[in-house]
């Protein structure tokens, strides 16, 4: 049995191996489908969540790592879907297929928590490894700048 906080609520996971990927626990056992499976190797960023406020790849994070920790998924970033990044994503028309967006937003949220007004270089560095098969990287960067201004 593993207990942790998920999106602000206590969760107890039983009958799941401790080495099961957090991604599968969140999606299959806890029925939160916003976090996506991309590569399964932690290389694409589609599965990004926050563990204690830090961006982490949930596809390679064993469930045991989050015992007594706080995990936030895209569903918990803002229950009203009104986080500055979510609004900026819409305003800047970032999504095309949308598959990578939850991971992109979660990675960007971790960046803005550390660096409230990031430079282009800081954005590029922080977002490196979050892949977008549609190539909307420029719009992602613009949306992050927009969210930073809005949050200030």
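Note that the numbers count up from 1, one per residue, in the order the chain is shown.
A Cβ is built for glycine as well, from the same backbone N, Cα and C atoms used for every other residue.
Feature annotation from Swiss-Prot assigns domain '2Fe-2S ferredoxin-type' to 1-77; the stated evidence is sequence analysis. Helix, strand and coil residue tallies for the domain '2Fe-2S ferredoxin-type' (1-77), in that order: 16 helix, 23 strand, 38 coil [DSSP].
Within the same chain, residues at least 6 positions away in sequence whose Cβ sits under 8 Å from that of residue 47 ([2Fe-2S] cluster binding site) are 23, 35, 36, 37, 38, 57, 58, 59, 103. The feature [2Fe-2S] cluster binding site is assigned by Swiss-Prot to 39, 44, 47, with sequence analysis given as support.
Sitting within 8 Å of the Cβ centre of 39, 44, 47, and not among those site residues for [2Fe-2S] cluster, are the Cβ atoms of 36, 37, 38, 40, 41, 42, 43, 45, 46, 57, 59, 103, 131. Of all the binding-site residues listed (39, 44), 44 sits in the most crowded Cβ setting, with the most other Cβ atoms within 10 Å.
The average pLDDT the prediction assigns to the domain '2Fe-2S ferredoxin-type' (1-77) is 98.
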